[in-house]
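Engineer: The topological domain 'Lumenal' annotation in Swiss-Prot covers 1-209, 271-338, 453-469, 527-553, 626-650, 744-805 and rests on sequence analysis. Positions annotated as phosphothreonine by Swiss-Prot: T89, T105. Positions annotated as omega-N-methylarginine by Swiss-Prot, on the basis of a large-scale study or a structure entry: R94. If you look up Swiss-Prot, you'll see N103, N312 marked as N-linked glycosylation site, on the strength of sequence analysis. Marked as transmembrane segment by Swiss-Prot: 210-230, 250-270, 339-359, 432-452, 470-490, 506-526, 554-574, 605-625, 651-671, 723-743. The annotation topological domain 'Cytoplasmic' is assigned in Swiss-Prot to 231-249, 360-431, 491-505, 575-604, 672-722 on the grounds of sequence analysis.
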Amino acid sequence: MAQPLAFILDVPETPGDQGQGPSPYDESEVHDSFQQLIQEQSQCTAQEGLELQQREREVTGSSQQTLWRPEGTQSTATLRILASMPSRTIGRSRGAIISQYYNRTVQLRCRSSRPLLGNFVRSAWPSLRLYDLELDPTALEEEEKQSLLVKELQSLAVAQRDHMLRGMPLSLAEKRSLREKSRTPRGKWRGQPGSGGVCSCCGRLRYACVLALHSLGLALLSALQALMPWRYALKRIGGQFGSSVLSYFLFLKTLLAFNALLLLLLVAFIMGPQVAFPPALPGPAPVCTGLELLTGAGCFTHTVMYYGHYSNATLNQPCGSPLDGSQCTPRVGGLPYNMPLAYLSTVGVSFFITCITLVYSMAHSFGESYRVGSTSGIHAITVFCSWDYKVTQKRASRLQQDNIRTRLKELLAEWQLRHSPRSVCGRLRQAAVLGLVWLLCLGTALGCAVAVHVFSEFMIQSPEAAGQEAVLLVLPLVVGLLNLGAPYLCRVLAALEPHDSPVLEVYVAICRNLILKLAILGTLCYHWLGRRVGVLQGQCWEDFVGQELYRFLVMDFVLMLLDTLFGELVWRIISEKKLKRRRKPEFDIARNVLELIYGQTLTWLGVLFSPLLPAVQIIKLLLVFYVKKTSLLANCQAPRRPWLASHMSTVFLTLLCFPAFLGAAVFLCYAVWQVKPSSTCGPFRTLDTMYEAGRVWVRHLEAAGPRVSWLPWVHRYLMENTFFVFLVSALLLAVIYLNIQVVRGQRKVICLLKEQISNEGEDKIFLINKLHSIYERKEREERSRVGTTEEAAAPPALLTDEQDA
């Protein structure tokens, strides 16, 4: 792969050339020079071949000669042509640019039909010969050109004018000046009658309305961008701590959007109708003591927060005679709001929409992060193209400087990592240490799962656990302490293994913490659906599971606050005051991300038993963001080994989709299809399984009349038929596969384009060397011709004297 050319031409100039840009005549001379060179090359092919062969022999004999010649050895004509190339003259002549766009606006105005905006060629320096500027003997002054351009811009439509101003290779100040001048029309409106060049009242009114709507749209767009949550905070975090820490907060923002979507569906179709038609309470409302905020029991039990509060009857129509003696049946001719069916369908549809959104987000993130295979040239792009010239405020410019500096640190650290390989002995020693540490971490995860199982069995067999409400917090507290302490133990063990890449270190820590969380959650799922269902026969076990998940979620938040207080704040104070060190703790990305995934998994597990649990998760995420942001800025330092987190968002979404969401979906499917609901509470109290609510609804529809006879057919052939489920799953997998193939194809195309750019660079070097060789041959021919002419013009007397001598 050839590197892009980067050199500076030292072109000899005459005193009259200084301070002047290239004129159309100079450009014409350049074109004529290239045409003459091509003709000379076609006429002297044989001589050129001999010269190339001789040059190849010289190159073979000398090992110090390279392909590209230094510019100090180029001839004056070659350097002048190189300096006049289009790539070297971009933006050199402002007057020529204005003339170019003036002629373009004239052509646009003279057309009968308005062209498409996509047909404009946004070339920075097109050939001025196309506009017949060299035929004008007296060039217009820059101010006259600008005034003509303003007049022509005023005659264009607003969209065309903005598009053309956007494409001009001028500075932002000049573009603003042209836009302000073109917004005040002083001539005759195009296509509008008028006398003496004065616009009519309708034209002025229409122009004012267009400007007002345009300004209103820009203001609304700026307001929407300003209303984006945590916009400035995320920029500040990314500038000070890099993309690795920023990926955690972006992932938290994504989880907030998922929970908001889930809560919207549950409120609209489950909690809203139930609040509108509240059931009768079984007894007097219990008194709230304040402990309910931690336990979720007490006065929260008989509310819309839990499964047991929802009725198993219709909500918007009086009942006729029961169909089976226990189920409320609507009268003939009506289609009531069936609460059991609405409860089950809403949970299923919300999970399906979450799955589609999650898969789409993961595929989009995968395409954005893995589309480009290599990062060659990214350093130059970051240096030359990262600055946003629209930034005018001092605080924003300082923040952008921090972002660019951190980005360069990450890129250089990644480049240095690729150029420092390990030896064979070092790799073997690293593999042995990795194996030992992995065994210890797996043993720790297995021990935590066994401890949770033993303690949960003890809680089931303990008689005082059912009588005291505070005892219900013991199991969540034990699980939370294990989730908090085990990652620290794994982090201590990870200090023994020498990781070259900080990215690999984070990925390994994420895998170990994920195994720990999965082991604990698997044990808890068996505890809830395998043990608690049998122990709580005759009671509302769904409410207990919902309260248990609420307690786990609240306890996880409390322990997170304590960990932030003692793990970051206290450690910083001790390090600075007692140990006299300036080192602050680093932000543990792996542990904090797995805490977010763990909390979101608890939310998905509890949606069926506590529909209001996503609201609790939203409040928790909001508090976590502000607590973590404050602690990060005050107590943490940037990573000592900067690294580029280009794929972290994709990895986080993948972990959220497959282990977390898929596990929660399997848990809920087992509860819907296999577990018998409680007979004393909830919308499915009279059914053997929750899934039978659909069949009961079909029987009600058949009794409701012929107007809705097609709905039982839809349920029978689309909902109960497993072929439809497999078909939808196959289509989803096919879409994912096609998206992956499209991304791979785009990567191949990008690689081919990069290779083509590299080949074009080599072609330029080859053509410049050929040009130099042609000029060298031409200079030698001129010198030999001059020598022959001098010999022929010598006096005959001198020749006679030489012969006599």
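Cβ coordinates are placed from backbone N, Cα and C, and glycine is handled just like the others.
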Engineer: Can you count the other CB atoms that lie within 10 A of the CB of N312 (N-linked glycosylation site)?
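Structural biologist: The Cβ of N312 (N-linked glycosylation site) has 22 Cβ neighbours within 10 Å.
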Engineer: Quick check for me: are there 3+ Cβ pairs below 8 Å between the transmembrane segment (554-574) and the transmembrane segment (605-625), leaving out pairs under 6 residues apart?
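Structural biologist: Between the transmembrane segment (605-625) and the transmembrane segment (554-574), which are separate recorded stretches, there is contact, as judged by 3 or more close Cβ pairs.
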Engineer: Do you know the DSSP helix, strand and coil residue counts for the topological domain 'Cytoplasmic' (231-249)?
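Structural biologist: Across the topological domain 'Cytoplasmic' (231-249), the residues distribute as 19 helix, 0 strand, 0 coil.
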Engineer: Which residues of the same chain, at least 6 past either end of the topological domain 'Cytoplasmic' (231-249), have a Cβ under 8 Å from a Cβ in it?
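Structural biologist: Distant Cβ neighbours of the topological domain 'Cytoplasmic' (231-249) are 225, 399-403, 405-407, 409-410, 502, 506, 587, 589, 592-593, 596, 625, 628-629, 632-633, 636, 638-639, 642-646, 648-649, 652.
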Engineer: Do you know the mean pLDDT across the topological domain 'Cytoplasmic' (360-431)?
Structural biologist: 71
Engineer: May I ask for the residues of the chain that lie six or more residues beyond the topological domain 'Cytoplasmic' (575-604) and have a Cβ under 8 Å from a Cβ within it?
Structural biologist: 241, 244-245, 247-248, 251-252, 255, 258-259, 351, 354, 483, 487, 491, 506, 509-510, 513-514, 517, 521, 549, 552-553, 556-557, 560, 567-568, 613-614, 616-617, 620-621, 624, 628, 632, 635-640, 648, 652, 655-656, 659-661, 663-665, 668
Engineer: Provide the three-state secondary structure of N312 (N-linked glycosylation site) computed with DSSP.
Structural biologist: coil
Engineer: Kindly report the helix/strand/coil residue split of the topological domain 'Cytoplasmic' (491-505) according to DSSP, in that order.
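Structural biologist: Summed by class, the stretch gives 8 helix, 0 strand, 7 coil.
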Engineer: Under an 8 Å Cβ to Cβ limit, what residues of the same chain, 6 or more beyond the ends of the topological domain 'Lumenal' (527-553), are close to it?
Structural biologist: 294-297, 300-301, 305-308, 452-453, 456-457, 460, 472-473, 475-476, 479-480, 599, 602-603, 605-606, 608-610, 613, 616-617, 620, 667, 670-671, 675-682
Engineer: So, by DSSP, how many helix, strand and coil residues make up the topological domain 'Lumenal' (744-805)?
Structural biologist: 58 helix, 0 strand, 4 coil
